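What TrEMBL annotates here:
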COMPBIAS  660-680  compositional bias 'Acidic residues'
COMPBIAS  1315-1325  compositional bias 'Acidic residues'
COMPBIAS  1353-1362  compositional bias 'Acidic residues'
COMPBIAS  1371-1384  compositional bias 'Basic and acidic residues'
DOMAIN    1-98  domain 'C2'
DOMAIN    236-357  domain 'C2'
DOMAIN    400-531  domain 'C2'
DOMAIN    944-1069  domain 'C2'
DOMAIN    1116-1242  domain 'C2'
DOMAIN    1467-1596  domain 'C2'
DOMAIN    1717-1868  domain 'C2'
TRANSMEM  1965-1987  transmembrane segment
Amino acid sequence: MALIVHLKTVLELQGRGDRIAKVTFRGQSFYSRVLENCEDVADFDETFRWPVASSIDRNEMLEIQVFNYSKVFSNKLIGTFRMVLQKVVEENRVEVTDSLIDDNNAIIKTSLCMEVQYQATDGTVGSWDDGDFLGEESLQEEEKDSQETDGLLPGSHPSSRTPGEKSFRRAGRSVFSAMKLSKTRTHKEEPQRQDEPAVLEMEDLDPLAIRLRDGLDPDSMSLASITALTSNVSNKRSKPDIKMEPSAGRPMDYQVSITVIEARQLVGLNMDPVVCVEVGDDKKYTSMKESTNCPYYNEYFVFDFHVSPDIMFDKIIKISVIHSKNLLRSGTLVGSFKMDVGTVYSQPEHQFHHKWAILSDPDDISAGLKGYVKCDVAVVGKGDNIKTPHKANETDEDDIEGNLLLPEGVPPERQWARFYVKIYRAEGLPRMNTSLMANVKKAFIGENKDLVDPYVQVFFAGQKGKTSVQKSSYEPLWNEQVVFTDLFPPLCKRMKVQIRDSDKVNDVAIGTHFIDLRKISNDGDKGFLPTLGPAWVNMYGSTRNYTLLDEHQDLNEGLGEGVSFRARLMLGLAVEILDTSNPELTSSTEVQVEQATPVSESCTGKMEEFFLFGSFLEASMIDRKNGDKPITFEVTIGNYGNEVDGMSRPQQPRPRKEPGDEEEVDLIQNSSDDEGDEGGDLASVSSTPPTRPQITDRNYFHLPYLERKPCIYIKSWWPDQRRRLYNANIMDHIADKLEEGLNDVQEMIKTEKSYPERRLRGVLEELSCGCHRFLSLTDKDQGHSSRTKLDRERLKSCMRELESMGQQAKSLRAQVKRHTVRDKLRLCQNFLQKLRFLADEPQHSIPDVFIWMMSNNKRIAYARVPSKDLLFSIVEEELGKDCAKVKTLFLKLPGKRGFGSAGWTVQAKLELYLWLGLSKQRKDFLCGLPCGFEEVKAAQGLGLHSFPPISLVYTKKQAFQLRAHMYQARSLFAADSSGLSDPFARVFFINQSQCTEVLNETLCPTWDQMLVFDNLELYGEAHELRDDPPIIVIEIYDQDTMGKADFMGRTFAKPLVKMADEAYCPPHFPPQLEYYQIYRGNATAGDLLAAFELLQIGPAGKADLPPINGPVDMDRGPIMPVPVGIRPVLSKYRVEVLFWGLRDLKRVNLAQVDRPRVDIECAGKGVQSSLIHNYKKNPNFNTLVKWFEVDLPENELLHPPLNIRVVDCRAFGRYTLVGSHAVSSLRHFIYRPPDRSAHNWNTTVKLLRGCHMLCNGGPSFRLTGEVVMSMEPEVPVKKLETMVKLDATSDAVVKVDVAEEEKERKKKKKKGTSEEPEEEEPDESMLDWWSKYFASIDTMKEQLRQHEAFGIDLEEKEEMDNTEGLKGPMKGKEKSRAAKEEKKKRNQSPGPGPGHGSEAPEKKKAKIDELKVYPKELETEFDNFEDWLHTFNLLRGKTGDDEDGSTEEERIVGRFKGSLCVYKVPLPEDVSREAGYDPTYGMFQGIPSNDPINVLVRVYVVRATDLHPADINGKADPYIAIKLGKTDIRDKENYISKQLNPVFGKSFDIEASFPMESMLTVAVYDWDLVGTDDLIGETKIDLENRFYSKHRATCGIAQTYSIHGYNIWRDPMKPSQILTRLCKEGKVDGPHFGPHGRVKVANCVFTGPSEIEDENGQRKPTDEHVALSALRHWEDIPRVGCRLVPEHVETRPLLNPDKPGIEQGRLELWVDMFPMDMPAPGTPVDISPRKPKKYELRVIVWNTDEVVLEDDDFFTGEKSSDIFVRGWLKGQQEDKQDTDVHYHSLTGEGNFNWRYLFPFDYLAAEEKIVMSKKESMFSWDETEYKIPARLTLQIWDADHFSADDFLGAIELDLNRFPRGAKTAKQCTMEMATGEVDVPLVSIFKQKRVKGWWPLLARNENDEFELTGKVEAELHLLTAEEAEKNPVGLARNEPDPLEKPNRPDTSFIWFLNPLKSAHYFLWHTYRWLLLKLLLLLLLLLLLALFLYSLPGYLAKKILGA
């Protein structure tokens, strides 16, 4: 469906002017081209087309406006025409001529004539009217090609290209190349600006971008006009891809570093935890900590990998805590945490810093969390630099919940979920074993088996599960599901699904598919859980022919780009969140495999017959290595078309029949059958006939297709899921346009074109309209039976995303201003990424199309085209970008063969036309071909219109001449060992090639040569060739005397075409030179400056062509130079060169360099330096400045590079090249004389800084009056008077008050005395350099925090400053105000943050002087100190390619120091008239002498952080080694044992003489007892640049001046002397010191304190404070001002040459330098590490109460406990002490009166206890540990015959612990858990604390419970105090504690049996016992009675 408007003419216009028309329908506008100098008639003759998705309503309006066009102002409306479309809808075609109306709706004379046509929608194929807009001449042709040409193409084109029309030509010249849209060249005014180039950089190269030349005002231009002109003008060609080499799959270096800091809240009682860190298969363990639930480790682990990114990012990082692991047992898992490396890598800075990982138990998912581990995780690839937050004293109390180790957007409470991966079936599997065995089997058994035994394996989050094996099946059916249980959302991004072949020996992968979970889910409010399918996914990999050792097996594993279709798999995925409270739940997370319910065949969509057609228009550049056997090309889609090894068994091309579909299927069959292929004989023709190649040149063949172009066609059957591809295509189109627009804007900014913001607004408008269009097109796409849940949800989320993106783009458009362009550009880049992400469809449908070149039945090279790019649709936006287009394809070698240099050579270049669509839509499959051909059909298809041809014969051909103007190239690849190349260029066009001449020994050849290609025959219509000329390929080679030329790079160009009937005149001709980016593989390898024109040879032959004028350069033989109109316009420039010296020259051919000289060459002219006579003695030049004159292009972008070469002059007049350097851009060094009229004294003499300073926002305001900088507050009135007196004429008296600090300080002093006695001033003697250092680090951290907060404002402010600075004088007031605000920010101390009152830090800040801690090298802060002396690296040797791993470092053979200055001659007079101008130095005035000078270098090394472990134990024993010239210091005996964060605190003095010894190397080595020490890493500092820099980097300027104490002035020169010297050197008036601490320099007045205190407190008058304040604001001094280096510590990365590009740690240091001819400096500052202070902590345990009772009494069954208390201070319980046992406590009360003594060493600054101990019995020496100061108290129940039972514990951080409760009653559990707000105390401040503290333990439900209370007293003494006042341990002398008054029941029963009888039995059972006793007595009596009775009786009886 489409509405088409043909605007013919506008008549009776008034006056004369440029006209433009705007046509609007449904809110989408098109602009016509601009008609210049029209009088009364504007003959537009243009066609506009709107594809419409919904039928047009009769009431809709069409509006046409005609404007007078203006380049500068907005366009002026002439009149408007509006038309209701009722008639158009009814009649489909209407011609109109009518008058326009003006703004007031009055009719005006002007009228317009146009035609409107409406193509209504109908069924599947548009029944378009043959005459649709075809010019009459083409109607005669029989070819009913296509009337829908335009409808198929992306982008709306303002003209339907018809054979007769030339309108487009004028509207937007189709220049292919990287010309950017911004080139608004007006036609008539500027034919002289011939050489306006387009500079091209790699990242924004969009090779085919067609650029707009007419001066349309991009602001008033609406969306569509831009679309029209920027989208590919060519209707019939699509863009080729420049980058050739596949980069996926190539291994790279990675380093994963993990620091385990501590663990907290581990679940379990009294455990001994170890943390295990696993990355992939590597495991490392921390040490074990005994009986603690919150162990502190601070251990650092590094894992190195060398694998491809795909493998790396899927590796799992697993952190688990294990309880009681030892040599014999593996321990029990407490909990673990896992995430993949990719998640870490995608974090900002590729790292998590100080985050808490939540542990969970994978075997018990119903349990809650098992604890937290605090860690840092970072992943570094080669070349990434990680900003590690500063490793200072981290005292911040941790907020665990706020710092969880989770990416942004993941909720902290993750739930358990089941991931069901359903595997249904697969199709099209390849053969996976040799047919030999199969044939044997067949012979014996007679069965024919499928030769593959497939199963599916799924990998997810470190686990894998697999389905059953289906024996011998090419179409296996599984219907199984693999179930994973993991936390949701998972921290692993991808799931890997792999079909594997089961084999007795080893299983191999058949194909791999990755499911990206981010693409199949959405975490927004309206998001959805991951879901997929049931859908087919296609798998690609190696070629299908089976070989035993497949060289491309990696491709089947999913590494690299698959080169062939392998199989397709139907799968589904669902996620279910588990309810963990459900008792039936199986709580294990083992992977399970179970049956899945089968799905119907039709669920993935109805099977449709698709038709793929292709025509090979050209095959050239075929690599001659492939031999001259006949060549054939094969096209396949899935297995269709693959005749060699495709179908495992011949598959009938059949639609799958289903009941009920019968009739429809027959209809389809018949629709094609009645075209003569009865019996399904429209067999596919999938390969071209074999053709023998012909020779093009030494490297390449071509196939002689000439006028006969072979065709292929394939029928295939796929489920109809086109909607997915259509939606992706719409988004791709939007993204392509956006990308193109953004590239334009970037290009405009880079080449400093005007109005980039307008272009950006246009791009944003285009984006919002595109988004709107997406919504209207997809809105109807509801309800489709085969749509999966994911289809529906994705569509919803895409619609939401695009809707919001459209709105954001609209609002952004309004915010785009001049100074915000860069920021907004960044935001737009995010849009682009998001669009590309959304467009990537996770559920596949039609497989990709492969084109293979075969020779001798062997597959040689391939190209792969995504099927969505070829898919046809009647809606233009849904059309694939290459459908029905001629695409230039470069075939490449498969798999690893294509890596490296092999992948750079083109295997073949194809011009291929492709069309893919439903068979029933195939009527138009030829529509996009170049016209003028006849179809040749196979025998059975003769006479049938829709039967595809097997070849096309072109009857139309045109003759052309191509002129290639090859001007020059720059920054080429160094292909020879000398570091240079001998380049020549080879230009290919169709099947011809020509070469330029070879230029020897250069990387920047200026060929200046025109190559003429005659007798070019191009097939097709002339007009099409004009808009769509074939592309030109240019290859650059290096000529070698021996052997074949080396390939150096390639680029493409599109020629500018001139037809025979066009005039050769501006604006289009002659063409301009343009830069084309040269690529070598994926890397850029220079630029080519050239122009190409293709001239049609008319009937009159070559006589009509523009003459080839200009002399044939006879010196160079018959070479034609580039003609005058095309070559750049030159002017005379002078190049001044400052020759300073040469450094670090390496040997050449084993001989040392002795007498070097530097040759400078630019554009054929040059100059030589003086000879250095003895390089060893003095490597500096004695003549400093020389110059030469040269003709350079006026246009700076076209300036040729300048070459610097160093040669060594040997005996007998021989020269050897040492090394060379090419300065590719001279713009850096161009000096522009100041414009005296503007108030902008961009100084003349400070040549380079003239251009540098301004760009860096340096001083750019002019003041005639004085600026008063006050450094100390006085009474304001007084100050005002003095200011006014100073200079009555002054017009800019500004007071900058930077004295807040001082004020604060005074306030504090006053306050401190009265109100707050506890915060006393720190005692000077207490403070040392480290106090200063730690205070500075706090400031730095605070600044970083603020900077993050202010980040955005600051950026905008910088933008403002830059533009202001460049624009002109910024007002002094503004400038100083800005300065003031900055200062304020800088001096503000951190506000009242969480956890600390606002007062304390303020006070701290004000009292300690600070230095500046730079988190990076000083060089980055001060522009490499290249303010006037530049360093050029000299290179030699070939440029390395990636796979050799060689870097530019290895090619550096030395450095040349000097500078350049380029300016137009003659210069304005006043430059040379300035005072003290020395003509011998030219522009380099005031340069110091370069004679040798002796210097004392003092290196202070503070500490190192994050060193790479060097020993097996994961630690290192680092020491410092320093090398400067011949001095080599190795501080080996002071190595620091087993430390990765050593504090060195040392200074080294070295005497050196510049320039011979100027490169300082500071290295950190690892000490080894045996063998040589290993280098951990080193850093190099160029001292010479620092020494001579204007920034004065010799000795940093301190913040304040003091003559004693920790902040003593280090420099031998006092501030006033330094100031005087700077003024003298810069020829500045001053310094004039005045009374009351003031100084005047130039026109600035500085004030400050005027007195100083000496050691004895005497105050003396001094000028030093004000001098220092002037120095600290030196950058504000006009003309000469620049920042001076402050007192500082810099942080330098340590690098190891064996692991290039990956940081091995960081080193903090600073360097001072003092010339020896000056007074000697004082002694070095003492920065030796602070010695820990010795303390003794005395803990008295008085009592316990409410202790839980554990034991049952042996006799009585009563509950009791035998209580004792254990305490320790140091980590591993080394110093644990136990009280005696309070036995048999029945109430939980215990009395102890027991004293522990803990001596310890403490570092107050870091709040850590320092302890040294041997790690193991085998350790050589003690290792120092720093652990937090925490006192642990535990209560235990003593058992004699079994282990003691742990009852509860509390851990007190001595710096901040809850104050104890007064009584046991008030002591609650909440005190310890932090749930109530308890005042925190520090033992270091309080010294003595007594109170009750709760003791806690966890119950079975992992909840804390109170298990007792302890009354204790803590008393802290320093070691000296403890010695004076000794006490005894326990209850011993001296000062013994009295024995506790325990109840009598407290004793051990088996030692005191009587006592226990007394206490336990008698106490309880005495009545019972008494009764028993009585009973016993009675019994005894009875017994005696009975015993004595018989005798008694006998006595009686006998009567005795």
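Using N, Cα and C of the backbone, Cβ positions are placed for all residues, glycine too.
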Let me check one thing: do the domain 'C2' (1467-1596) and the domain 'C2' (236-357) come into contact, meaning three or more Cβ pairs under 8 Å with sequence separation of at least 6? yes
I'm a bit unsure how to read this: which one of 236-357, 1116-1242, 1717-1868 has the highest number of Cβ pairs shorter than 8 Å with the domain 'C2' (944-1069)? 1116-1242
Structural state census, the domain 'C2' (400-531) (DSSP three-state): 14 helix, 56 strand, 62 coil
Structural state census, the domain 'C2' (1-98) (DSSP three-state): 6 helix, 60 strand, 32 coil
Taking the domain 'C2' (236-357) alone, what is its mean pLDDT? 85
Counting each residue once, how many in the domain 'C2' (1116-1242) are helix, strand and coil under DSSP? 9 helix, 56 strand, 62 coil
How many of the residues that make up the domain 'C2' (236-357) does DSSP mark as helix, as strand and as coil? 14 helix, 62 strand, 46 coil
Checked against DSSP, the composition of the domain 'C2' (1467-1596) is 17 helix, 54 strand, 59 coil
